[in-house]
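**Q** Structure incoming, see below.
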Amino acid sequence: MKPKDLRTELLPVWCTGCGDFGVLKGLTQALSDLEIAPEKLAVISGIGCSSRLPGYVKAYSFNTIHGRALPIASGLKTARPELTTVVVGGDGDGFSIGLGHLPHAIRRDINLTYIVMDNGIYGLTKGQASPTTELESKRTRGLAGGDEQPLNPVLLVLSAGCGFVARTHAGNMPHMREMMKQAIEYPGFSFVHVLAGCVTYQPRNYSDQLLQRSYELPAEYDKSDLGAAITAVRDGRFALGVIYKRPLEEVAATAGATADEDWTPPDAVLKQDLPTE
Ligand SMILES: Cc1ncc(C[n+]2csc(CCOP(=O)(O)OP(=O)(O)O)c2C)c(N)n1
Ligand SMILES: [Mg+2]
(Lines of atoms letter the chains of each structure in order from A; the text may use other names.)
(Lines give C-alpha, C1' and ligand atoms only; values in the text may rest on other atoms or scores of the structure.)
(Ligands and ions follow the chains in the order given, each with its own letter.)
Protein backbone atom coordinates (compact mmCIF):
# COMPACT_ATOMS: atom_id res chain seq x y z
CA MET A 1 0.00 0.00 0.00
CA LYS A 2 1.43 3.34 -1.09
CA PRO A 3 0.68 6.75 0.50
CA LYS A 4 -1.38 7.69 -2.57
CA ASP A 5 -3.65 4.67 -1.98
CA LEU A 6 -4.75 6.47 1.18
CA ARG A 7 -5.83 9.61 -0.66
CA THR A 8 -9.38 10.33 -1.77
CA GLU A 9 -10.12 11.96 -5.11
CA LEU A 10 -10.87 15.30 -3.48
CA LEU A 11 -8.30 18.00 -4.23
CA PRO A 12 -7.26 20.02 -1.17
CA VAL A 13 -8.55 23.59 -1.17
CA TRP A 14 -5.67 24.84 0.99
CA CYS A 15 -3.65 27.84 -0.20
CA THR A 16 -0.54 27.07 -2.24
CA GLY A 17 2.31 26.71 0.23
CA CYS A 18 0.11 25.84 3.24
CA GLY A 19 1.83 23.63 5.82
CA ASP A 20 -1.21 21.37 5.92
CA PHE A 21 -0.17 19.79 2.59
CA GLY A 22 2.96 18.51 4.30
CA VAL A 23 0.93 17.06 7.16
CA LEU A 24 -1.39 15.25 4.74
CA LYS A 25 1.63 13.79 2.98
CA GLY A 26 3.45 12.87 6.21
CA LEU A 27 0.36 11.23 7.66
CA THR A 28 -0.39 9.12 4.57
CA GLN A 29 3.29 8.12 4.43
CA ALA A 30 3.24 7.06 8.08
CA LEU A 31 -0.01 5.13 7.64
CA SER A 32 1.35 3.38 4.58
CA ASP A 33 4.59 2.51 6.45
CA LEU A 34 2.45 0.98 9.19
CA GLU A 35 0.24 -0.77 6.60
CA ILE A 36 -2.94 0.62 8.05
CA ALA A 37 -5.63 0.02 5.43
CA PRO A 38 -8.50 2.50 4.93
CA GLU A 39 -11.05 0.09 6.44
CA LYS A 40 -8.98 -0.04 9.64
CA LEU A 41 -8.63 3.70 9.95
CA ALA A 42 -10.71 6.61 11.23
CA VAL A 43 -9.67 10.26 10.85
CA ILE A 44 -11.66 12.76 12.88
CA SER A 45 -11.43 16.56 12.96
CA GLY A 46 -13.16 19.68 14.19
CA ILE A 47 -13.52 22.80 12.03
CA GLY A 48 -10.80 24.90 10.42
CA CYS A 49 -8.57 24.83 7.34
CA SER A 50 -6.53 22.05 8.97
CA SER A 51 -9.71 20.21 9.94
CA ARG A 52 -10.47 19.66 6.26
CA LEU A 53 -7.76 17.00 6.20
CA PRO A 54 -10.04 13.97 6.85
CA GLY A 55 -11.77 14.63 3.52
CA TYR A 56 -8.51 13.92 1.74
CA VAL A 57 -7.71 10.62 3.48
CA LYS A 58 -9.34 7.35 2.52
CA ALA A 59 -10.73 6.21 5.87
CA TYR A 60 -13.83 6.41 7.99
CA SER A 61 -13.60 10.15 8.25
CA PHE A 62 -15.64 12.71 10.07
CA ASN A 63 -15.24 16.50 9.85
CA THR A 64 -17.21 17.20 13.03
CA ILE A 65 -17.95 20.49 14.80
CA HIS A 66 -15.61 23.14 16.09
CA GLY A 67 -13.60 21.96 19.09
CA ARG A 68 -15.39 18.63 19.49
CA ALA A 69 -13.15 16.24 17.61
CA LEU A 70 -11.66 14.67 20.74
CA PRO A 71 -14.90 13.63 22.48
CA ILE A 72 -16.30 12.29 19.21
CA ALA A 73 -13.10 10.35 18.52
CA SER A 74 -13.06 9.06 22.13
CA GLY A 75 -16.57 7.67 21.64
CA LEU A 76 -15.64 6.12 18.34
CA LYS A 77 -12.46 4.48 19.66
CA THR A 78 -14.30 3.13 22.69
CA ALA A 79 -17.00 1.56 20.51
CA ARG A 80 -14.65 0.41 17.71
CA PRO A 81 -11.27 -0.24 19.36
CA GLU A 82 -10.00 -2.08 16.29
CA LEU A 83 -9.89 1.17 14.28
CA THR A 84 -6.67 3.17 14.34
CA THR A 85 -8.08 6.58 15.20
CA VAL A 86 -6.28 9.78 14.29
CA VAL A 87 -7.62 13.16 15.36
CA VAL A 88 -6.48 16.24 13.46
CA GLY A 89 -7.14 19.95 13.77
CA GLY A 90 -5.83 23.42 14.33
CA ASP A 91 -4.60 25.49 17.24
CA GLY A 92 -7.90 27.37 17.44
CA ASP A 93 -9.95 24.21 17.33
CA GLY A 94 -7.84 22.40 19.90
CA PHE A 95 -6.66 25.15 22.25
CA SER A 96 -9.55 27.65 22.20
CA ILE A 97 -13.04 26.19 21.98
CA GLY A 98 -11.84 22.59 22.29
CA LEU A 99 -9.35 23.03 25.11
CA GLY A 100 -11.65 21.73 27.84
CA HIS A 101 -11.66 18.29 26.22
CA LEU A 102 -7.91 17.91 25.96
CA PRO A 103 -6.92 17.06 29.57
CA HIS A 104 -9.83 14.65 29.83
CA ALA A 105 -8.87 12.79 26.67
CA ILE A 106 -5.34 12.64 28.07
CA ARG A 107 -6.31 11.40 31.54
CA ARG A 108 -8.54 8.70 30.01
CA ASP A 109 -5.53 7.67 27.93
CA ILE A 110 -7.68 6.37 25.12
CA ASN A 111 -5.53 5.12 22.26
CA LEU A 112 -5.90 8.12 19.95
CA THR A 113 -3.27 10.10 18.04
CA TYR A 114 -3.97 13.83 18.14
CA ILE A 115 -2.14 15.90 15.51
CA VAL A 116 -2.41 19.67 15.87
CA MET A 117 -1.42 21.79 12.87
CA ASP A 118 -0.38 24.93 14.73
CA ASN A 119 -0.17 27.94 12.41
CA GLY A 120 -0.61 30.38 15.30
CA ILE A 121 -3.82 31.77 13.84
CA TYR A 122 -7.47 31.11 13.01
CA GLY A 123 -6.91 30.49 9.30
CA LEU A 124 -10.37 29.57 8.11
CA THR A 125 -12.06 32.60 9.61
CA LYS A 126 -9.42 34.91 8.11
CA GLY A 127 -6.64 35.58 10.52
CA GLN A 128 -7.84 36.24 14.04
CA ALA A 129 -5.39 35.61 16.87
CA SER A 130 -5.41 32.13 18.37
CA PRO A 131 -4.12 30.95 21.78
CA THR A 132 -0.72 30.30 20.20
CA THR A 133 -0.40 33.66 18.42
CA GLU A 134 2.80 35.12 19.75
CA LEU A 135 3.08 38.37 21.64
CA GLU A 136 3.46 41.36 19.29
CA SER A 137 3.49 39.04 16.31
CA LYS A 138 3.24 40.53 12.86
CA ARG A 139 0.17 38.95 11.38
CA THR A 140 -0.52 40.22 7.90
CA ARG A 141 -4.22 40.77 8.37
CA GLY A 142 -4.58 40.42 12.12
CA LEU A 143 -8.05 41.13 13.41
CA ALA A 144 -9.43 41.11 16.93
CA GLY A 145 -7.46 39.94 19.94
CA GLY A 146 -3.85 38.84 19.99
CA ASP A 147 -0.91 40.40 21.69
CA GLU A 148 -1.61 38.41 24.81
CA GLN A 149 0.70 35.80 26.29
CA PRO A 150 0.36 32.66 24.17
CA LEU A 151 -0.08 29.28 25.79
CA ASN A 152 2.48 26.54 25.41
CA PRO A 153 0.61 23.51 24.05
CA VAL A 154 3.39 21.03 24.65
CA LEU A 155 3.88 22.10 28.26
CA LEU A 156 0.13 21.89 28.69
CA VAL A 157 -0.20 18.29 27.48
CA LEU A 158 2.87 17.22 29.47
CA SER A 159 1.37 18.66 32.63
CA ALA A 160 -1.93 16.91 31.91
CA GLY A 161 -0.05 13.59 31.89
CA CYS A 162 0.19 12.83 28.18
CA GLY A 163 2.23 9.66 27.65
CA PHE A 164 3.59 10.45 24.18
CA VAL A 165 4.46 13.97 23.06
CA ALA A 166 6.32 14.87 19.88
CA ARG A 167 6.93 18.01 17.87
CA THR A 168 7.79 18.38 14.22
CA HIS A 169 7.79 20.95 11.43
CA ALA A 170 5.45 20.71 8.44
CA GLY A 171 8.33 21.38 6.04
CA ASN A 172 10.45 18.48 7.26
CA MET A 173 8.86 15.48 5.61
CA PRO A 174 11.10 12.61 6.84
CA HIS A 175 10.91 13.92 10.41
CA MET A 176 7.15 14.35 10.32
CA ARG A 177 6.64 10.89 8.85
CA GLU A 178 8.73 9.37 11.66
CA MET A 179 6.99 11.34 14.44
CA MET A 180 3.56 10.36 13.15
CA LYS A 181 4.56 6.75 12.84
CA GLN A 182 5.81 6.62 16.42
CA ALA A 183 2.73 8.44 17.71
CA ILE A 184 0.33 6.06 15.97
CA GLU A 185 2.26 3.05 17.24
CA TYR A 186 2.13 4.27 20.84
CA PRO A 187 -0.61 2.35 22.66
CA GLY A 188 -2.20 5.25 24.58
CA PHE A 189 -3.09 8.89 23.88
CA SER A 190 -0.38 10.51 21.76
CA PHE A 191 0.06 14.15 20.83
CA VAL A 192 1.97 15.57 17.86
CA HIS A 193 2.51 19.33 17.71
CA VAL A 194 3.17 20.36 14.12
CA LEU A 195 4.68 23.79 13.47
CA ALA A 196 2.84 24.81 10.33
CA GLY A 197 3.04 27.97 8.26
CA CYS A 198 0.06 30.00 7.06
CA VAL A 199 1.00 31.78 3.84
CA THR A 200 -2.07 33.99 3.82
CA TYR A 201 -2.48 35.39 7.33
CA GLN A 202 1.03 35.02 8.69
CA PRO A 203 4.10 36.67 7.16
CA ARG A 204 5.38 34.79 4.07
CA ASN A 205 8.51 33.66 5.88
CA TYR A 206 6.63 32.49 9.00
CA SER A 207 7.38 28.83 8.37
CA ASP A 208 11.11 29.66 8.04
CA GLN A 209 10.97 31.72 11.23
CA LEU A 210 9.57 28.70 13.05
CA LEU A 211 12.31 26.54 11.63
CA GLN A 212 15.00 29.00 12.68
CA ARG A 213 13.76 28.83 16.25
CA SER A 214 13.69 25.03 16.19
CA TYR A 215 16.33 22.47 17.01
CA GLU A 216 16.34 18.69 16.98
CA LEU A 217 16.67 16.98 20.33
CA PRO A 218 20.08 15.33 20.51
CA ALA A 219 20.50 11.54 20.40
CA GLU A 220 21.48 11.43 24.10
CA TYR A 221 18.24 13.18 25.17
CA ASP A 222 16.32 10.87 27.54
CA LYS A 223 12.70 10.92 26.35
CA SER A 224 11.49 8.95 29.35
CA ASP A 225 12.54 11.80 31.67
CA LEU A 226 9.50 14.01 32.28
CA GLY A 227 11.61 16.67 34.05
CA ALA A 228 13.92 16.92 31.03
CA ALA A 229 10.88 17.23 28.77
CA ILE A 230 9.46 20.10 30.79
CA THR A 231 12.82 21.89 30.74
CA ALA A 232 13.14 21.34 26.98
CA VAL A 233 9.85 23.02 26.17
CA ARG A 234 10.26 26.09 28.33
CA ASP A 235 13.18 27.91 26.74
CA GLY A 236 11.33 29.79 23.97
CA ARG A 237 12.75 27.62 21.22
CA PHE A 238 11.02 24.67 19.59
CA ALA A 239 12.50 21.32 20.50
CA LEU A 240 11.75 18.87 17.68
CA GLY A 241 11.52 15.11 18.14
CA VAL A 242 9.94 12.79 20.68
CA ILE A 243 9.86 15.06 23.70
CA TYR A 244 8.36 12.55 26.10
CA LYS A 245 7.49 8.89 25.90
CA ARG A 246 6.19 7.11 28.96
CA PRO A 247 7.88 3.72 29.34
CA LEU A 248 5.57 1.04 27.95
CA GLU A 249 5.40 -0.95 31.24
CA GLU A 250 3.79 2.10 32.80
CA VAL A 251 1.38 2.53 29.88
CA ALA A 252 -0.02 -0.95 30.37
CA ALA A 253 -0.64 -0.16 34.03
CA THR A 254 -2.70 2.94 33.18
CA ALA A 255 -6.43 2.39 33.24
CA GLY A 256 -7.96 2.37 29.77
CA ALA A 257 -4.59 2.77 28.09
CA THR A 258 -4.83 -0.16 25.75
CA ALA A 259 -8.04 -0.96 24.01
CA ASP A 260 -9.09 -4.59 24.11
CA GLU A 261 -8.86 -5.48 20.43
CA ASP A 262 -11.23 -8.43 20.86
CA TRP A 263 -13.93 -6.43 22.59
CA THR A 264 -17.37 -6.56 21.01
CA PRO A 265 -20.50 -4.96 22.40
CA PRO A 266 -22.49 -7.41 24.51
CA ASP A 267 -25.52 -8.95 22.77
CA ALA A 268 -27.83 -7.09 25.09
CA VAL A 269 -26.50 -3.81 23.72
CA LEU A 270 -26.67 -4.89 20.08
CA LYS A 271 -30.21 -6.20 20.37
CA GLN A 272 -31.45 -3.36 22.49
CA ASP A 273 -34.60 -1.74 21.12
CA LEU A 274 -33.96 1.92 20.61
CA PRO A 275 -36.70 4.25 21.77
CA THR A 276 -38.83 5.37 18.86
CA GLU A 277 -39.52 8.85 20.19
C1 LIG B 1 -19.04 27.01 17.54
C2 LIG B 1 -18.22 27.71 16.51
N3 LIG B 1 -17.56 28.83 16.83
C4 LIG B 1 -16.81 29.45 15.92
C5 LIG B 1 -16.73 28.95 14.65
C6 LIG B 1 -15.91 29.70 13.62
N7 LIG B 1 -14.63 29.07 13.37
C8 LIG B 1 -14.48 28.16 12.38
S9 LIG B 1 -12.93 27.61 12.24
C10 LIG B 1 -12.40 28.61 13.50
C11 LIG B 1 -10.96 28.65 13.95
C12 LIG B 1 -10.05 27.87 13.09
O13 LIG B 1 -8.74 27.99 13.55
P14 LIG B 1 -7.80 26.73 13.68
O15 LIG B 1 -8.46 25.67 14.46
O16 LIG B 1 -6.48 27.21 14.18
O17 LIG B 1 -7.70 26.17 12.20
P18 LIG B 1 -6.93 26.74 10.92
O19 LIG B 1 -8.03 27.30 10.04
O20 LIG B 1 -5.97 27.78 11.36
O21 LIG B 1 -6.28 25.54 10.34
C22 LIG B 1 -13.46 29.36 14.03
C23 LIG B 1 -13.33 30.33 15.12
C24 LIG B 1 -17.40 27.75 14.35
N25 LIG B 1 -17.33 27.16 13.14
N26 LIG B 1 -18.15 27.15 15.29
MG1 LIG C 1 -4.78 27.65 13.15
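Cβ from N, Cα, C; glycine included.
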**Q** Of 71-93, 255-277, which range does TrEMBL call region 'Disordered'?
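**A** Region 'Disordered', as annotated by TrEMBL, spans 255-277.
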**Q** When DSSP states are grouped into helix, strand and coil, how many residues of the domain 'Pyruvate ferredoxin oxidoreductase beta subunit C-terminal' (198-247) land in each?
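**A** Going by DSSP assignments, the domain 'Pyruvate ferredoxin oxidoreductase beta subunit C-terminal' (198-247) contains 14 helix, 11 strand, 25 coil.
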